[in-house]
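Below is one structure, written out as structure tokens; comments come after it.
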Amino acid sequence: MEGREEIKGSKPSFPLTFWEVTVASTMVIGIFLGLVGVYLTMPASDYSFLKLPRNLEDLQILRDNLESYTSDYTVQVLVGYCAVYIFMQTFMIPGTVFMSLLAGSLFGVFKGVVLVVSTATAGASSCYFLSKLIGRPLVFSLWPDKLSFFQAQVAQRRERLFNYMLFLRLTPTLPNTFINVASPIVDVPYHIFFMATFIGLIPAAYITVRAGIALSELQSLGDLYDFNSIATLFLIGVVSVTPTLMSKTKQ
């Protein structure tokens, strides 16, 4: 309770800084204008296939229909993809893994990874800002134990916080959704959150996007992460947090 009262008492009258408001506003305005442009430039057609995929079958149907538009309306498809991905990340809607697979299937590995990492980071940032504004009661009620643990870990690793946040992004130690909403509550600075998210999502994004190229051969989501893939992610995560562990040993 004391920790909760301390956090609550330190909250400013308006939580977001000027630069955070600027970034959030730019994303909202950009997405809005982009969707208006998509609406005005796409041809009249039956778009009933446009829905959030909930399984691999839905994803394959969506991919088959979007392939015919990707070559002629590349910008529109990209804008629509980005808007959906950011919306899902912002409001913690499950299914972004299907969007990552779709990126690989439609755009290939390199473009797909750039697209997924960029939109995932933007969506995580939006979730960070939203949580900083109104997410405090939600985090306390849904994840009180995880929040106490996270707050203690952040406090202990304040000097090398980037390494710790990078480790969390690279490994499944804490859910990404929780990290997005809890980071502003425990005073993780946005620039550290942003950089750790952008860099830390690259390995997992590569694995998922690469799998999307052979989407028709994918039988289940469990096929995405074999033992070697998981071991590699953990190894990268351990390397990222090694400076923090060494500094604690020296002390």
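For all residues, glycine too, the Cβ spot is worked out from N, Cα and C.
Unlike curated entries, TrEMBL annotations are predicted automatically.
Per TrEMBL, transmembrane segment is recorded for 21-42 (among others).
Under the heading transmembrane segment, TrEMBL lists 78-103 (among others). Within the same chain, residues 27, 31, 34-35, 37-38, 52-54, 56, 58-59, 62-63, 66, 111-113, 115-116, 118-120, 122-124, 126-127, 130, 177, 180-181, 205, 208-209, 211-212, 215, 218, 221, 224 sit at least 6 positions outside the transmembrane segment (78-103) and bring their C-beta atoms closer than 8 Å to a C-beta of that stretch.
As a whole-number mean, the pLDDT of the domain 'VTT' (93-212) in this prediction is 93. If you look up TrEMBL, you'll see 93-212 marked as domain 'VTT'.
Residues annotated as transmembrane segment in TrEMBL: 109-130 (among others).
Residues 97, 100-105, 108-109, 112-113, 116-117, 120-121, 124-125, 128, 161-162, 165-166, 168-170, 183-184, 223-225, 229, 232-233, 236, 240 of the same chain lie 6+ residues outside the transmembrane segment (192-213) yet bring a C-beta within less than 8 angstroms of a C-beta in it. Taken from TrEMBL, the feature transmembrane segment covers 192-213 (among others).
Summarising the annotation, TrEMBL assigns transmembrane segment to 225-246 (among others).
Residues of the domain 'VTT' (93-212) grouped by DSSP class, helix first, strand second and coil last, total 101 helix, 0 strand, 19 coil.
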